[in-house]
Amino acid sequence: MCNNEAKMSELLSVQSDAPAKKINLMDLTRQQMREFFKELGEKPFRADQLVKWIYHFGEDNFDNMTNINKKLREKLKAVAEIKAPEVAVEQRSADGTIKWAMQVGEQQVETVYIPEADRATLCVSSQVGCALACTFCSTAQQGFNRNLTVSEIIGQVWRASKIIGNFGVTGVRPITNVVMMGMGEPLLNVANVVPAMEIMLDDFAYGLSKRRVTLSTSGVVPALDNLSKMIDVALAISLHAPNDELRDEIVPINKKYNIKTLIDSVNRYLTVSNANHGKVTIEYVMLDHVNDGVEHAHQLADVLKNTPCKINLIPWNPFPEAPYAKSSNTRIDRFQKTLMEYDFTVIIRKTRGDDIDAACGQLAGDVIDRTKRTAMKRQFGQNIGVTEVN
């Protein structure tokens with residue numbers, strides 16, 4: 001909140017004849033927007049109206065906000081804007097999954113919409129690239145560029161909802177669940193991820209249940225310990241290995257926060273969270289003859305024996321030059337059955353969107369190349385093969 005307050009103070013103190021950068025209202029939670037309106041000399045309830053217009057109705061044009069008087073609309077146009085990422089590329093899978101490359105400044109991030117019979121999940125990115133260098137993940141090959149802002153995170157939800165066509169029909173939600181499982185490590189961008197999730201939960205905005213907003217982390221333990229003090233959402237842990245020796249190799253952050261340290265933190269979170277039904281989701285990617293043996297299943301059962309959890313087994317999704325192979329169905333089934341002998345709930349995740357590189361672990365794909373080509377196109381003004389959506 002401090003950053004946004006500083007931003008507002010700077011904006012409102014600028015002399016009238018000097019150019020001022022407009023504040024993006026999507027960077028503000030409703031409470032922060034109420035402070036913004038107080039700074040403008042307006043009633044704080046105006047923030048409630050604006051939030052409804054932006055997120056319930058998908059409106060980004062002040063002139064269309066009919067219950068706000070013209071004088072205030074003109075004042076807002078002078079100092080503020082409503083700006084979400086634009087879609088640079090859209091791909092649709094045969095199974096109904098949609099992947100968008102969203103333009104964020106000079107870079108792109110990927111957002112995935114996964115419709116099912118009883119729900120529709122949006123997978124949202126939190127960073128441009130990722131610094132954690134997990135060896136089985138395509139995003140890791142991009143490296144880390146920067147954190148996304150609040151507006152770039154919540155703007156993915158806004159843009160997807162706009163495309164899917166929810167706006168104007170409140171109460172009917174084509175997006176029922178949001179998972180922070182896209183590009184990046186959310187707990188390395190807490191300052192922007194938490195406010196974005198607050199907007200997702202806000203009844204004046206998207207009004208999602210805290211059980212339908214999931215944060216996935218590879219295990220940034222200090223941030224996880226602080227998370228429950230800031231917000232309560234569903235938690236998923238990208239574990240992927242049952243022992244420190246193997247996890248050090250494939251999830252390098254384990255060298256800093258080992259499995260015991262991580263699981264202890266998870267258990268602390270579960271004691272105060274109401275969003276998890278008392279259970280955490282454990283994500284485990286299946287790598288052929290790397291982490292998918294029966295002995296690994298027994299080790300995993302031992303690691304999780306005191307942690308209420310649901311285990312998702314994720315068939316690995318290949319990407320170019322990766323040093324792994326996908327586990328066979330036989331090995332995955334055997335792994336599942338071994339864990340179920342310990343009375344764990346174990347689900348084999350159905351692969352969605354793999355024909356458009358939208359499946360788990362595939363995000364980034366050719367987004368690196370597209371980002372470079374987009375920058376070159378802007379620099380040289382030439383058509384160099386970037387497919388854009390207008």
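A Cβ is built for glycine as well, from the same backbone N, Cα and C atoms used for every other residue.
The annotation active site, proton acceptor is assigned in Swiss-Prot to Glu110 on the grounds of sequence analysis. The active site, S-methylcysteine intermediate annotation in Swiss-Prot covers Cys360. Residues or ranges marked as [4Fe-4S] cluster binding site in Swiss-Prot: Cys130, Cys134, Cys137. The S-adenosyl-L-methionine binding site annotation in Swiss-Prot covers Gly184, Glu185, Ser216, Ser238, Leu239, His240, Asn317. Marked as disulfide bond by Swiss-Prot on the basis of sequence analysis: Cys123-Cys360. Under the heading domain 'Radical SAM core', Swiss-Prot lists 116-355.
Feature map: Swiss-Prot annotations on the structure.
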residue : record                               : Cβ within 10 Å
Glu110  : active site, proton acceptor         : 25
Cys123  : disulfide bond                       : 27
Cys130  : [4Fe-4S] cluster binding site        : 26
Cys137  : [4Fe-4S] cluster binding site        : 27
Gly184  : S-adenosyl-L-methionine binding site : 29
Glu185  : S-adenosyl-L-methionine binding site : 25
Ser216  : S-adenosyl-L-methionine binding site : 20
Ser238  : S-adenosyl-L-methionine binding site : 24
Leu239  : S-adenosyl-L-methionine binding site : 28
His240  : S-adenosyl-L-methionine binding site : 26
Candidate binding-site residues Cys130, Cys137, Ser216, Leu239, pick with smallest Cα gap to Cys123 (disulfide bond): Ser216
Other CB atoms within 10 A, centred on Asn317 (S-adenosyl-L-methionine binding site): 21
Gly184 (S-adenosyl-L-methionine binding site) as reference: those binding-site residues from Cys130, Cys134, Cys137 with C-alpha within 10 Å of it: Cys130
Cβ packing number for Cys134 ([4Fe-4S] cluster binding site), 10 Å threshold: 21
Distance [Cα-Cα, Å, rounded] between Glu185 (S-adenosyl-L-methionine binding site) and Cys137 ([4Fe-4S] cluster binding site): 12
Mean of pLDDT values spanning the domain 'Radical SAM core' (116-355): 94
Cα separation, Asn317 (S-adenosyl-L-methionine binding site) to Cys134 ([4Fe-4S] cluster binding site) (Å, whole number): 14
Pairwise CA distance, His240 (S-adenosyl-L-methionine binding site) versus the residue listed as 'active site, proton acceptor', rounded so that it is a whole Å: 22
Pairwise CA distance, Cys137 ([4Fe-4S] cluster binding site) versus Ser216 (S-adenosyl-L-methionine binding site), rounded so that it is a whole Å: 14
